[in-house]
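A quick write-up on the structure given underneath.
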Amino acid sequence: MELGPLRVLTVLLCLAPVFAGLFISMDQPTLSIQKSVLTITTNDTLNITCSGQRAVYWSWPNNQSSVEKRLAVTGCSEGPFCKTLTLLRVIGNDTGDYRCLYGDSQAATTIYVYVQDYRSPFVTSVGDQLGIVYITKNKTVVVPCLGTVSNLNVSLHAKYPEKVFVPDGKSISWDNKKGFTIPSHLINYAGMVFCEAKIDNESYQSVIYIVAVVGYRIYDLTMNPHYQVELAVGEKLVLNCTVRTELNVGIDFRWDYPSIKERRATIRDLKTTAGEIKTFVSTLTIESVNLSDKGRYTCAASSGRMNMKNSSYFIIHESPFIHLEKMENVVEMKLGDTVSIPVKFKGYPPPEAKWYKNGKVINANHTVKLGYALVITEATEKDAGNYTVVLTNPTNKMQKRHTFTLLVNVPPQIGENALMAPVDSYKYGSTQALTCTIYAVPPPAAVLWYWQLEEECTFSPQKVRLGANPYACRKWKVISERKGGNQVEIKQRVVTIAGKTKTVSTLVIQAANVSALYRCMATNRAGSSERVISFHVTRGLEINLQPRSQLTEKDNTSLQCTADKFTFEKLSWYKLSTHVSQTPFGGLPMPVCKNLDALQKLNATVSNVNGENVTLELILRNISLQDGGDYVCIAQDKKAKTQHCLVKHLTVQEPLHPRLVGNLENQTTNIGETIEVLCTVNGVPPPNITWFKNSETLFEDSGIVLKDGNKTLTIRRVRKEDGGLYTCLACNILGCKKAEAFFSVQGAEEKTNLELIILVGTAVIAMFFWLLLVIILRTVKRANGGDMKTGYLSIIMDPDEVPIDEHCERLPYDASKWEFPRDRLKLGKPLGRGAFGQVIEADAFGIDKTATCRTVAVKMLKEGATHSEHRALMSELKILIHIGHHLNVVNLLGACTKPGGPLMVIVEYCKFGNLSAYLRSKRSEFIPYKMKSARFRQGKENYTGDISTDLKQRLDSITSSQSSTSSGFVEERSLSDVEEEDAGSEDLCKNPLTMEDLICYSFQVARGMEFLASRKCIHRDLAARNILLSDNNVVKICDFGLARDIYKDPDYVRKGDARLPLKWMAPETIFDRVYTIQSDVWSFGVLLWEIFSLGASPYPGVKIDEEFCRRLKEGTRMRAPDYTTPEMYQTMLDCWHGDPKQRPTFSELVEHLGNLLQANVRQDGKDYVVLPLSVSLNMEEDSGLSLPTSPASCKEEEEVCDPKFHYDNTAGISQYRQGSKRKSRPVSVKTFEDIPLVTTVKVVQEENQTDSGMVLASEELKTLEEQDKQVKIPFSTLAPSKSNESVMSEASNQTSGYQSGYHSDDMDNMVCSSEDTELLCAQEASPTLPRCAWPGIYSPAPVASLPL
């Protein structure tokens, strides 16, 4: 078979490496000296030639011999690949291997050369002063002491301790070329070793070698943190791998982790030594973890001969979180047991756990341990309650909470068992009651009574000594159907004794006919208890103890044995020498007196022989403990001559000093709450307890209750003056003991009390029936309440127009302070509706911390409300909380925000509606001054000064109502609170409207706006329609839900075709969309115009268009209203200053209006008020009242007046601002022209505008026109003439009493005649005390549309 050329080439290529290896091995360099060992002497010359097939090189020993200066490598003539090594003057340290090799080091020829030097027989390494020998356990170690002379006699010396080792031919040997070989365990103790050789009896030493023991054992490898570790994205990961080894061990660390390829981690190693342990720490760090870093981190350590590894697992969360798992809502345990209630949750980072009991923080003690589990050992009844655990994330302060109820079940305890059971007999035929008082938690479902005939039970005196039940009754029968041996009846009731609820079961025996044993048994889930009562019936024989049953030493008492003198004779008293009949389960009298020898006869006297009975009285004086025991009365039956005995046990107690059980604790409480303090005292005789407050004796009074023998002190409706030092003093015959505690009362004072509530309630109820009678007689339909009650809707805003997100996110809501239960809210009739919500009148039970209910207004969303609308109402709630509490602001009372029902905002209810409607309704009753009788005029001189003083006090009272952030359901402080002497003032509807009222309304609105400004809030829609009238002439500002923080968004702009109240808006607001506090001052000036025009619409007859806005900016202003004074009109002009900075502040307005109010009252006292001429004429002609407007008229009345009071010398508010840089207002200003007085002409606004200046849709305008056609406006003759536009505005005003105009969409207005107004006021003056009962469950009333 022939092979092709290709196949031959392939075979040759495969065999090439084999031939190359053989060629290399055969082609080793050759030396000129053909020996493996060459011996020469010192100072000789070493000359060796090396030849090869390629270039050759020489290597020689690297000893301390300065060989480079004496050695030369040169070429030779034998060939191109030949080199000669020449070493001159050789020395002993030149001993070693000399090698000739090719450049690839694959082939070499070696010759070992001894340079014999007997004066230095050991080779010294280069630079070695001290050598190091590394020793490993259980290994053979070589000490490299090489010899320059062959066949030396060498030994190894070790220090310390000193020891010499010589070669034994086995484990210990010496080799010239290698050194001294010895097992490591023989020299591991040594600090140093060296070799020693003897030549001609002289010893030569090698260099000294330090012995270094090298270990390998790894004791452990730990990871910190270990197991499962949690981190959040962005946090730092630090993982320590710690290795503990024996000494002289080197460790090599290897890490494996998820992001090892990205090399995002840094690793640092550290080693320390402590004692016999060496510690290595390798730290892996990732500065900012991400989700890709999740996984297992493994650390491996190697010492060469030993390996070990460990790992930790890291979980990376995207953000911190807390997830609370489902837990039990009710936990039950038995009295004295131990319970552990764990909190099941997942969260990162580990949250902080805080525990609360009944709303108060609890701390750990010897019986309560806290953490992620609540552990209670040896539970007592005090441990029961509502527990709340609050988990707080320390990073983002996220909280999760869980509340559960801990019930401590108490086995039934029958109180009578703890007392000494009396050994009494019961008279035949008498009615008796046997009682079992049971305390148990939970209360026993039922208390069962059993009975057994006395003769059917056996009595064992031996069991008495053991404290066991001495009665053995086998046939206990349940008492039923009124049968229990005797005619019986079972009664059961629940009582509260010393703060504990107990069940009292009473077995009433109608007629004691049969002696029997009765047993009561109570059972609950924690256990059961029973009491056995001996019921022994006697005929004509009984024992009484006088004066009481509990006796102490040195008392006097008497035992009276009474018997039927026709049945018994020979009565005598004896005393038993031993007590045999008394048991803890009830005593059994001795039925027959058989053992009279055991009795000691006592001297007694017959005290009563009258009638059918005879009484033998045993008198015991100054008794001692020895007088206690069983006393027996023996009587002999006259007919049968048998003896009958009755036993009475007398217990004498040793007097004990009073002893307090526990101590009183200092308390801090809020005004209006209830304090209950228990002073538990033991002592014999029972101590008498007296309470003191600040060292003065405390007696029961209104709100102060003493019960349980004065042990319990209860202070209801705590007031400020109830604070102080309270002392409980307990005294008996041996002395006294006292306990003290200091009570602190905090919070604002509420001056209401029970007596005032009863008085006002009675008066209001009487008024209610009187008004009901008037309504029946007059039969006039009630005015539409929608005009008066819908203003509460104002804060429910269009979420598309107002950015409420910031409100919701930044303003807090504290549910613990503001949340009100829905089941305590009874919804009533609707008050009004808006585009997004509705307002319902409701009764709130207990919202003001009392047991009564209060009428409130509740804001709700309509059905199908969107999430944005829900957030808008929530935003309004938070704004109300942020604004706080003030007398002249519609205040928040509470809210219902919890899931399970609609969102509700509870605010104050103002029954008289908005100020605009009220002023219009009172036009026919307006008088500029108060009417005074002749009797008043006679005493005018004395009274005039009192008016100013009284008003000043009222102003101070009102202005002292400082703002505060309300902390819960606190009842509004009205004028009746700060002015108690005015509590019985007449109803607003019965009083005429006066100039003083108008100024007072203005003053109060200014005061409320001053408060809102102090809270950094801007109203932006201040108008009479947004001012509500409450009791006692108090006005309250509403519709500040759009108020904004002036430091957060001062340039807020409402976009789109929203309806804006242009007539009330300042020029800078109209043109620049800038809302500030000073723009609210402009609106306040317009509000003053409304007030002093008695509710007319501003800018009468003026078309609200671009021309109006231009003229307003140029300085044109409204004319003076019909009922104003020069001072008030000048104040309006000051508020309408074109430069916002020149307008007065609300604080300045408060001061100015307060002064005007005082001045007006002084003028009122003088029957002098300056009014426009038209008003004066109307008053004189129509009412028959004269106004003294001249000095002559003043003299007729013998009064003083100032005829200089007129427009020309009127000063504005600037006179009240000293140092003001603001210029005075001009005396005259340009005003808008009035329309002619044509009352029959119907004026309709063009371009879909209403009097408010709001842009209306055409559909709304048509509705307004239809309403206007239906409404007629009657006026009394007392009302002054007005423009046609003012008349029209009363019927077409776009706002209603409780609802701003641009929120209302389905309400109309009605202005009543004087007769209608009187009836309306009578109907509105409903009783102030709620006419409601406690609601069972929350059930929203249906909201019906109000009639148009």
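Placement of Cβ uses the backbone N, Cα and C atoms for every residue, glycine included.
Computed from a predicted structure; not experimentally measured.
Your range for region 'Disordered', going by Swiss-Prot and the list 958-983, 1244-1269, is 958-983. For CYS145, the partner cysteine in a disulfide bond according to Swiss-Prot, taken from CYS82, CYS195, is CYS195. Just one residue in ASN666, ASN914, ASN1293 has N-linked glycosylation site written against it in Swiss-Prot, and it is ASN666. The domain 'Ig-like C2-type 5' (412-534): residue composition by secondary structure is 12 helix, 73 strand, 38 coil, according to DSSP.
Summarising the environment of ASN93 (N-linked glycosylation site), the number of other Cβ atoms within 10 Å of its Cβ, over all protein chains shown, is 22. Reduced to three states, the DSSP call for ASN93 (N-linked glycosylation site) is helix. Working note on the glycosylation sites ASN153, ASN201, ASN240, ASN603: by count of other C-beta atoms within 10 Å of each C-beta, ASN240 ranks first.
Across the domain 'Ig-like C2-type 2' (138-202), DSSP classifies residues as 3 helix, 31 strand, 31 coil. In sequence order, the recorded positions near ASN240 (N-linked glycosylation site) (Cα within 10 Å of its Cα) are CYS299, drawn from CYS299, CYS561, ASN666.
Looking only at the recorded positions CYS100, CYS195, CYS299, CYS728, LEU831, the densest Cβ neighbourhood within 10 Å occurs at LEU831. The two recorded residues ASN386 (N-linked glycosylation site) and VAL839 (ATP binding site) have their Cα atoms spaced 35 Å from each other.
When pLDDT is averaged over the topological domain 'Cytoplasmic' (778-1348), the result is 63.
A C-beta separation below 8 Å, combined with a sequence spacing of at least six in one chain, links CYS679 (disulfide bond) to LEU660, LEU664, ILE689, TRP691, ASN710, LYS711, THR712, LEU713, CYS728, ALA730, ALA739.
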